[in-house]
């Protein structure tokens with residue numbers, strides 16, 4: 001008869017296995033396919049795992065060659081083990097589960113729009129994002145603005161941006 005300790009270990013391993021297999025139920029089939037494509041692009045040596053060299057090569061292919069080893073190590077440490085596709089999905093599942101709902105994002109923007117016009121000056125938002133809380137870089141803010149609707153007066157349509165942030169695409173009128 002197996003000892004209690006052995007049974008407990010086996011049960012924990014099964015629970016961990018079930019938890020990682022449930023990650024697929026957190027995503028739609030199309031999302032899983034998109035993640036698989038991204039994983040395949042990053043797995044440069046095609047061994048089924050993303051390692052430090054794969055990350056370096058991926059960054060290089062994006063034109064960023066000055067990534068430090070400690071930055072890559074920090075990325076890899078976010079995973080609890082080797083990064084195969086299931087682990088890759090787990091990591092994204094954890095990141096995406098922290099994404100604010102559209103209403104929460106809208107409410108945050110509304111705090112900066114006392115007149116309720118649905119628009120905020122782009123330069124004002126940029127200054128806030130680069131100087132408050134989790135400070136963003138100018139590059140990160142500019143990337144975000146690529147998905148924003150900005151009028152000729154330089155005002156950001158935050159309702160449209162909130163939709164893009166939470167749904168990944170512009171709302172069709």
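Just so you know, the numbers here start at 1 and follow the chain as drawn.
Glycine residues also receive a Cβ, built from the backbone N, Cα and C atoms like all the rest.
Per Swiss-Prot, these features apply:
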- 43, 45, 47, 54: Ca(2+) binding site (BINDING)
- 30-65: domain 'EF-hand 1' (DOMAIN)
- 136-171: domain 'EF-hand 3' (DOMAIN)
- 1-20: region 'Disordered' (REGION)
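Residue 43 (Ca(2+) binding site) counts 20 other C-beta atoms within 10 Å of its own C-beta, drawing on all protein chains shown. Each of the binding-site residues 47, 54 was assessed for Cβ neighbours inside 10 Å, and the highest tally belongs to 54. For the Ca(2+) site, the Cβ centre of 43, 45, 47, 54 serves as reference, and the other residues of the chain with Cβ at most 8 Å from it are 42, 44, 46, 48, 49, 50, 51, 53.
In the predicted model, the domain 'EF-hand 3' (136-171) shows an average pLDDT of 85. When other Cβ atoms within 10 Å of the Cβ of residue 45 (Ca(2+) binding site) are tallied across all protein chains shown, the result is 11.
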